[in-house]
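Engineer: Pulled these features from Swiss-Prot for this protein:
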type     : residues      : note
TOPO_DOM : 22-839        : topological domain 'Extracellular'
DISULFID : CYS37-CYS90   : disulfide bond
CARBOHYD : ASN56         : N-linked glycosylation site
CARBOHYD : ASN73         : N-linked glycosylation site
DISULFID : CYS89-CYS99   : disulfide bond
DISULFID : CYS131-CYS142 : disulfide bond
DISULFID : CYS186-CYS196 : disulfide bond
CARBOHYD : ASN187        : N-linked glycosylation site
DISULFID : CYS188-CYS193 : disulfide bond
CARBOHYD : ASN206        : N-linked glycosylation site
CARBOHYD : ASN276        : N-linked glycosylation site
CARBOHYD : ASN347        : N-linked glycosylation site
DISULFID : CYS352-CYS412 : disulfide bond
CARBOHYD : ASN397        : N-linked glycosylation site
DISULFID : CYS413-CYS418 : disulfide bond
DISULFID : CYS436-CYS447 : disulfide bond
REGION   : 467-484       : region 'Leptin-binding'
DISULFID : CYS473-CYS528 : disulfide bond
DISULFID : CYS488-CYS498 : disulfide bond
CARBOHYD : ASN624        : N-linked glycosylation site
CARBOHYD : ASN659        : N-linked glycosylation site
CARBOHYD : ASN688        : N-linked glycosylation site
CARBOHYD : ASN728        : N-linked glycosylation site
CARBOHYD : ASN750        : N-linked glycosylation site
TRANSMEM : 840-862       : transmembrane segment
TOPO_DOM : 863-1165      : topological domain 'Cytoplasmic'
MOTIF    : 871-879       : motif 'Box 1 motif'
MOD_RES  : SER882        : phosphoserine
REGION   : 893-898       : region 'Required for JAK2 activation'
MOD_RES  : TYR986        : phosphotyrosine
MOD_RES  : TYR1079       : phosphotyrosine
MOD_RES  : TYR1141       : phosphotyrosine
Amino acid sequence: MICQKFCVVLLHWEFIYVITAFNLSYPITPWRFKLSCMPPNSTYDYFLLPAGLSKNTSNSNGHYETAVEPKFNSSGTHFSNLSKTTFHCCFRSEQDRNCSLCADNIEGKTFVSTVNSLVFQQIDANWNIQCWLKGDLKLFICYVESLFKNLFRNYNYKVHLLYVLPEVLEDSPLVPQKGSFQMVHCNCSVHECCECLVPVPTAKLNDTLLMCLKITSGGVIFQSPLMSVQPINMVKPDPPLGLHMEITDDGNLKISWSSPPLVPFPLQYQVKYSENSTTVIREADKIVSATSLLVDSILPGSSYEVQVRGKRLDGPGIWSDWSTPRVFTTQDVIYFPPKILTSVGSNVSFHCIYKKENKIVPSKEIVWWMNLAEKIPQSQYDVVSDHVSKVTFFNLNETKPRGKFTYDAVYCCNEHECHHRYAELYVIDVNINISCETDGYLTKMTCRWSTSTIQSLAESTLQLRYHRSSLYCSDIPSIHPISEPKDCYLQSDGFYECIFQPIFLLSGYTMWIRINHSLGSLDSPPTCVLPDSVVKPLPPSSVKAEITINIGLLKISWEKPVFPENNLQFQIRYGLSGKEVQWKMYEVYDAKSKSVSLPVPDLCAVYAVQVRCKRLDGLGYWSNWSNPAYTVVMDIKVPMRGPEFWRIINGDTMKKEKNVTLLWKPLMKNDSLCSVQRYVINHHTSCNGTWSEDVGNHTKFTFLWTEQAHTVTVLAINSIGASVANFNLTFSWPMSKVNIVQSLSAYPLNSSCVIVSWILSPSDYKLMYFIIEWKNLNEDGEIKWLRISSSVKKYYIHDHFIPIEKYQFSLYPIFMEGVGKPKIINSFTQDDIEKHQSDAGLYVIVPVIISSSILLLGTLLISHQRMKKLFWEDVPNPKNCSWAQGLNFQKPETFEHLFIKHTASVTCGPLLLEPETISEDISVDTSWKNKDEMMPTTVVSLLSTTDLEKGSVCISDQFNSVNFSEAEGTEVTYEDESQRQPFVKYATLISNSKPSETGEEQGLINSSVTKCFSSKNSPLKDSFSNSSWEIEAQAFFILSDQHPNIISPHLTFSEGLDELLKLEGNFPEENNDKKSIYYLGVTSIKKRESGVLLTDKSRVSCPFPAPCLFTDIRVLQDSCSHFVENNINLGTSSKKTFASYMPQFQTCSTQTHKIMENKMCDLTV
C-alpha cells in the first residue's frame, strides 16, 4: 500500500516536472524572432545593439560590425585551463524588446555558452530565426541568419538543431536530457544563413516538438534555450497556382487562381495588383477567402499586374511566397461578355467599351453590326453609361455555319469604322428528343436520344440528367435544381442509350440533355416519362395459322403476354410466304379475343402470319412481331371442276369401231382445292350403258367407241371428294357430219403468234364452244389444242411457229349433241402471207428512210453552220450599227440606197469615228406674199399635207396656186390613179447658237413653220412648241410622197423620225413610172435665186420663186452635205434617188455668215 502511494506520488511529480519543463520552453511564433547571447554585466541598451556592437561603431553599408578583430584560440577545444565566461542567451520577437526566456547555468550547463576569448566579453551575438512547416506537410524548416555578416566568416561556423519527438518524451520520466535529443546538421551558405530540416511524420503534426539550436564557430559554442512548436500551426503553404485574368460578362476584371494542393485547412489570400492606363494609375492590396477577386471600372487599353499569396484562414500560419507576377492587358475594344452561348429563341445582350486614339468613344456614338454585313437597328441599342453601350438580340435563330465559322460575329463600331475585334454569338438548337421505353418484364427502362439535329461545338460534352419525382409527372415539366447524371453510351446507329434499372413504374422521371462548354451550359427542354406509360409489351405467344376445312378461311390464334396486365389490342399481318411478303394488316380491338378467321384468295398457298400487341388505351409502344407461323397446304374442299379434255380418234373410217384417246391437263391448285389424288372417267352410251373407270393420276385414257352416241365425263377426286362441275364430251356419228364452219384462215403475225379467224354458217344446233387444234406437219409432235368460247370469231394462238414449216389448223364446233365436222387447213393463208411480208418489208424500209432523212438533215444543218462560220465570221451584223437603225433590209430599195455608187466625185475629208447621221442647222423663213404667184404642179405636190379635216393649210386653189396662209379648213385635193398616199419626210436640225441669237432664230422658225401649218392641229406643232425648238435655231424639211388619207403623226423629233424612217423606201415598183419622187434642194444664199428642183422622170427644172416660197434660207454651219455646195439636185440617178449612209465621205466648204468649226455632216432623211 505504501509502495503504491509512493509510485503515484512519483508519477505525479514527474508529470509536474515535465509540464514545468515545457513551460520553460519558448513557443515559436509564426513570424520571425531573434536569438541573442549577451555577455555578463551588459546593459539593456547595449544589448539592443545589433550584434552587441558599441554605439559608435558602424560601416558605410549599414551593417554593424565589431571594431575589434576577434582573437580565437584555434589550437583546439580544450577548455580546462581557459577562463570561462557565462553568456546569457534568450529569445525575443521583433515586437517585444525584452527577452522572454534566458538560458542560465541551471540544471547543468545545457543552456550555458562558454568562450575562451576576450573578444566576446565585450560584445554579444544575435541571430534571426524563422520556422515553418513546408507545404507538403513533411518537413519542418528553421531558417537561421546571423546578424554578423563578417564575424564568423573566417572560422569554422556550424549550426546544429537538436529536437526531440513526442514519442521520446513519453518514454522519458524526467525533463529531456541531452542524450534524448536528435541532432540535424543545418546547411549554411557563405553569408552565415543556415537552413535546418526536421522530418515530421504526418501523424505527429498536431503534437508539440521541442528544439534547440547549437551554434559553433571556432572554439565558441552558443546554445539556445528550448523551443516548442506544433508543426500544424506553422504551415507555410505553397504559392497559389493557375493565376488567370479575364473580363466577366458584367465588364469586371476577374482574377482567379487555384489553391495549392495538400493543404489540410482552408486558406485566406492576399491579392495585390496594379493598374496602368493612359488615364489612371492605381495599386490595391486585398485579402479574400475565395479563390477569385473582381476588379471593377476596367478601362480599354489598360495593363494589370497581379500577385497572390496564401495563409491559413483560421488559426496561426505563415504567408506563402508570392506567386509569379501575371500581366493582363485589355484591348482597345472591350466586349463583355466576349462570347455567348445560347439556345434558339432566347434573348441575349452584349456590352462594349470602345477606345479610339487614346480616347474612349461616347456610348451614343457606338453602332453595332452583325458579320460586318448587317447593321443592327438602333431600336436594339441601350446606353448603359457614358462609355458603355449595349445591344440586345431577341428571339434568336440558330447560327448557320459559314465554313469553319460556327458563330456570328458581333462588331462594336464608331460610326462607320469598326475595330477588327468582335464578339462571338453561338446559337444552338437544343431541342433534343428523348424517347424511353419499358421492357415487357417491367424491370428496366431504356432511353435513347440523338444529337444529329443540333449543331456540334468543339470541346463540348453532352450529358443526360434526370430527377425522379415520388409519383406521376407534373403537367408542365421543368428542370429541377437537384438532378443526377446518367451514363449514356453511343450506339452504332448514332443514338445514345441510357438504361434505368431498377425503375419505379408510377414515378415521373424528368429528363433533359445538358450541353457543357467552356462558354457555359445549355439544357434541352425537359420531358417527363412515366415508366408505366411507355411499356413495350412482349409479343404474343403460341401463334398458329391454318386454313379451315370446308369453310376455306385463314384462322389465326395466339396467346396474350403475361405483362402488362392492361387490356391489349392486337395487330395481325399475313401474306403469301416468299422472299418478299406483301403483308396485309388486320386490327383486333377485343382484349379478350384470342383468334380470328380471315378470307384469303388462294386457299392452296402457304401463308405467313405474325401478331403483335399494344395497350388498348394507346399508351406505350407496339410489341415486336411474334415469330411467323405458316399454314400447311391440304385439301380444303372437293375440286371446283373437272379437267378440260379433248380426244384423238384413231381407226378405220369405214368401220363403226374407233379408238378414242382422251387428253386432259392436270388441274391447278385453285381448281383442285388443293390436290388431285386420281381421275375417274364416267361413260354413258346411247343404249343407256353407264360405267366408270379409275385412271389414277394419268392424263391420258383410251377407250373403244362402238355406239351411235357415247358421252364421257372426266372427274377429279381429292381427299374430300369428287369434283362437282365437270366437262362432258359426246361422240356421235350423225353429228360428226354437221358442218357449220364455212372458212378458216390462219395469219402468222410473227414466229410466236398466229391469228386464226373463221366464218360460220347458220345452224339449228346449240353451239357450246370451239376446239382449235394445230400441229406441225413436218414433225411427229403432239397435237396442241385450245378450248374457245362460242362467241369468238377470231383468236390469237401464242406458240412457237417456224415460218418454213407447214402447220395444220383444225376448228371443231362442239354441240350439245356431239362434235361437229371440223374445218381443216394445212398451211397459212397465202395472200395474207404476202401482204404481211410486204408489210414487214415496209416496216423495215420506212424507219430506215426516216432515220436517213434525219441524219441527212442534221448533216446539212451542221455543214451550214460551219460554212456560215467560215465565210461570215468577220462580217459584222449591220443591224447593230447606228446608221442601220430603223432600216428595213427586207426591201431591195434599202440595199440600192446603201450600195449604189455616187455619180459625183467625192472629195476626201477627215474620217469620223462613227457613221452617224449628223443633221445640219438650217433656218428657213418661208412665206408667199403674192397669192397670184403660180407654182408648178410638181411643187404643189411637194408641199402638200395630209391633214385635210383638221385644217392644215399649205395649198389653195387646186393645182393653180400655192399660198401659205393662217386660215384653217382649206381643202386640198390630189389626183392619183393609184391613190397612193404622199409620204412626208422631215429632219430636225439642232444648233449650237449662242443665247443672243436665240430670239432671231426662233423668229425664223415661227415665221416659216406657222405659215405652213395651222397653229391648232399642225402635225409638227407639238414638236416645235416645246424643248429645244424654242431655245435653239432649227429647221425642218418636208418631202411630199404621202397619200392624202394618212394623218401625220404628232410625234417628237426622235420618235417621229424613227417612224418615218420605218416607212422609208415604201415605194411601189408598179407606180414608179407614173409618179415622181420630189426632193427639196438647199443651196447657199448666193445661189438661192437660181436654184431649181428636178423631178425624177421628167427631168424638168422647177425654179423656186424667191419672193413667194422661201424668203430666207441660211446655213448656220460651215460644213454641210455635198449636194448643198455643188447642186440643189438630190440624186441624179436615172433610176432612183438615194440617200448616202456614210456621211464621213461628204464634205462642204460653203462659207456662210456664221462660221464655225469644220465638221462632217449629212443632210438625209
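Just so it is clear, glycine is given a Cβ too, placed from its N, Cα and C backbone atoms.
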Engineer: Is it possible to get the count of other C-beta atoms within 10 angstroms of the C-beta of CYS498 (disulfide bond)?
Structural biologist: 19
Engineer: Excluding near sequence neighbours, so keeping only residues 6 or more apart in the same chain, what lies with its CB under 8 A of CYS418 (disulfide bond)?
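Structural biologist: Spatial neighbours, sequence-distant, of CYS418 (disulfide bond): TRP369, LEU372, TYR411, CYS412.
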Engineer: According to DSSP, collapsed to three classes, what secondary structure does CYS188 (disulfide bond) have?
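Structural biologist: Note: CYS188 (disulfide bond) is in a strand by DSSP.
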Engineer: For ASN688 (N-linked glycosylation site), just give me the three-state DSSP call.
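Structural biologist: Looking at the DSSP assignment, ASN688 (N-linked glycosylation site) belongs to neither helix nor strand, so coil.
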Engineer: What's the number of neighbouring CB atoms sitting within 10 A of the CB on CYS90 (disulfide bond)?
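Structural biologist: There are 21 such Cβ atoms around CYS90 (disulfide bond).
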Engineer: What number of additional C-beta atoms lies within 10 angstroms of the C-beta atom of CYS447 (disulfide bond)?
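Structural biologist: Result for CYS447 (disulfide bond): 23 other Cβ atoms within 10 Å.
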Engineer: List the same-chain residues at least 6 positions away in sequence whose Cβ sits under 8 Å from the Cβ of ASN397 (N-linked glycosylation site), in sequence order, or say none.
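Structural biologist: Set apart from ASN397 (N-linked glycosylation site) by at least 6 residues yet with Cβ under 8 Å, we have VAL344, VAL427.
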Engineer: In terms of Cα spacing, which of the disulfide-bonded residues CYS193, CYS196, CYS473 are within 10 angstroms of ASN187 (N-linked glycosylation site)?
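Structural biologist: If one measures from the Cα of ASN187 (N-linked glycosylation site), the disulfide-bonded residues that come within 10 Å are CYS193, CYS196.
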Engineer: Once the chains shown are all counted, how many other Cβ atoms turn up within 10 Å of the Cβ of CYS412 (disulfide bond)?
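Structural biologist: If we count other Cβ atoms within 10 Å of CYS412 (disulfide bond), we arrive at 24.
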Engineer: For CYS89 (disulfide bond) and CYS37 (disulfide bond), what Cα-Cα distance in Å is obtained after rounding to a whole number?
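Structural biologist: Distance between the two Cα atoms comes out at 4 Å.
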Engineer: Which chain-mates of ASN624 (N-linked glycosylation site) that are at least 6 residues away have a CB under 8 A from its CB, listed by sequence?
Structural biologist: LYS536, PRO539, ARG612
Engineer: Looking only at DSSP and grouping its letters into three states, which state does ASN659 (N-linked glycosylation site) belong to?
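Structural biologist: DSSP assigns ASN659 (N-linked glycosylation site) to strand.
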Engineer: Indicate whether ASN206 (N-linked glycosylation site) is helix, strand or coil by DSSP.
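Structural biologist: DSSP call for ASN206 (N-linked glycosylation site): coil, neither helix nor strand.
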Engineer: Among the recorded positions CYS90, CYS131, ASN206, CYS447, ASN728, report those whose Cα falls within 10 Å of that of CYS488 (disulfide bond); none is a fine answer.
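Structural biologist: Taking CYS90, CYS131, ASN206, CYS447, ASN728 one by one, the ones whose Cα falls within 10 Å of CYS488 (disulfide bond) are CYS447.
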